[in-house]
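These notes are about the structure you will find just below.
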Amino acid sequence: ENQTSASEFVLLGLTSDPHLQGFLFFVFSIVYFITLFGNMVIMIVISTDPHLHSPMYFFLFHLALTDISYATTIVPYMLMNFLVKQKTIEFSTCIIQMFLILLSAGSEIFMLSAMAYDRYVAICKPLHYQEVMNKLVCSQLVGGAWAMGVLYSIINTLPMLNVQFCKYTEIKHFSCELPPLLAAACGGTFLNKLVLLSSAVIFGSSSFLLTLISYIYIISTVLKIQSAKGRHKAFSTCSSHLIIVVLLYTTALFQYTKPSSVSSFILDQLFSIQYSILTPMLNPIIYSLKNNDVKTAL
């Protein structure tokens, strides 16, 4: 009887302390507001200012859209759970949330790869930039990033529909992320873990390699520039993107390569907060502070 499929799960969240829950509700409400406001402002500015109608800002527009979808998939339900005693989530809702988390994460890393390629063409092949980065190519790169996110989601979501959960299932997390969901399962999850690991390695490494190769060419080209002013100007066009890439990949890398002895409930939650909630909030702030064109448009 205990092995029958669960109709709902219990999300344990960040804490069970009611006073701390009230404080965290306030903190994450502000974080979510900044995320929505910052990314929406970036999208509106890019849409309305003719000076920002270029490939670089076309990609930034879609990165902001990805960040909004990422944060909106997680934070509203998280905030609701801070206020209620019964922290339950329907099985179908949990699977949909997991699908959208995977979609947002997959799309974001490939969107950053597309942005790295755009900076490579701008710095290494400036005379051919308009020709190479035409509207069709930009649309294909953005469409490809979203498609890779959808594919990554489907590959990992379909096997989850066959996983058995006990009647009472606690998820040691604030959202239905795939790893804690698999950890809470009653039935065998070997296939699911294999699919997750394989897809994460294939999608993550391919995106990382595309970004890395682009930056190897960018750095080698920038170093060949004679004047210090010229080097600074060339590198400043991709500094915002580089900060975001380093921030995202270092967090994800440590999360998935840290030894099991270092793994803990609190640490795993903190890393999840970093790449799924704080990064979407920081992206528009970094681009606003580091980019003169965006500051002028604002």
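FYI, residue positions are counted from 1 along the chain as it appears here.
Glycine is treated like the rest: Cβ placed from N, Cα and C.
Just so you know, TrEMBL annotations are computer predictions that nobody has curated.
Look at TrEMBL and you will find 20-46, 58-83, 95-115, 136-155, 200-223, 235-257, 269-289 tagged as transmembrane segment. Residues or ranges marked as domain 'G-protein coupled receptors family 1 profile' by TrEMBL: 38-287.
Remote same-chain residues near the transmembrane segment (269-289) are listed as 14, 28, 31-32, 34-35, 38-39, 41-42, 60, 63-64, 67-68, 70-71, 74-75, 101, 105, 173-175, 177, 240, 243-244, 247-248, 251-252, 254-255, 295, 298 (criterion: CB distance under 8 Å, separation of at least six residues from the stretch ends).
Sequence-distant residue pairs (6 or more apart) of the transmembrane segment (136-155) and the transmembrane segment (20-46) include fewer than 3 whose Cβ atoms are under 8 Å, leaving the two stretches without contact. Long-range Cβ contacts of the transmembrane segment (58-83) within its own chain (Cβ-Cβ under 8 Å, at least 6 residues beyond either end) map to 11, 13, 21-22, 24-25, 28-29, 31-32, 35-36, 39-40, 42-43, 46-47, 89, 97, 100-101, 103-105, 107-108, 111-112, 114-115, 118, 138, 141-142, 145-146, 174-175, 276-277, 279-281, 283-284, 287.
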